[in-house]
Amino acid sequence: MSPFFMMSLLFGLTFGQTASVCAPSEYTIHVEKRECAYCLAINTTICAGFCMTRDSNGKKLLLKSALSQNVCTYKEMFYQTALIPGCPHHTIPYYSYPVAISCKCGKCNTDYSDCVHEKVRTNYCTKPQKLCNM
């Protein structure tokens, strides 16, 4: 092997993960319930960014567990609860959402993350909007 190839390989293995940019990012969630009069716009932080992954050419030869990709996910988080205004008494007017404190590149945990990217997802209000700053 040539010295250039070896140096490139060592550099890539050593500093490859530093190219990942995964950090808490400000995000607005729009929440509404059919029974409630208002839509609530909640400012929070989510984990967003890019994580280095490696795609194998021999997918048929590997176990499914070896094919999982790293995603930008929560390292530390807590749940905040907001009150949706204008709800009738028989409705539960609370909505809980995650707030990212720190993030990491790792396997997606379906216990607290949506691991599937949906192509069509709306994030807007259809009712009069109230702002919630927590």
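Even glycines carry a Cβ here, placed using N, Cα and C.
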Which candidate, Cys22, Cys36, does Swiss-Prot give as the disulfide partner of Cys87?
Cys36
According to the record in Swiss-Prot, which candidate from Cys39, Cys103, Cys105 pairs with Cys47 in a disulphide?
Cys103
Scan Cys39, Cys51 and flag the one Swiss-Prot records as disulfide-linked to Cys125.
Cys39
With reference to Swiss-Prot, specify which of the listed residues Cys51, Cys132 is paired with Cys105 by a disulfide.
Cys51
Say we define neighbours as other CB atoms within 10 Å of the CB. Which of the disulfide-bonded residues Cys22, Cys87 has the fewest?
Cys87
If I take the alpha carbons of Cys47 (disulfide bond) and Cys108 (disulfide bond), what is the distance between them in whole Å?
12
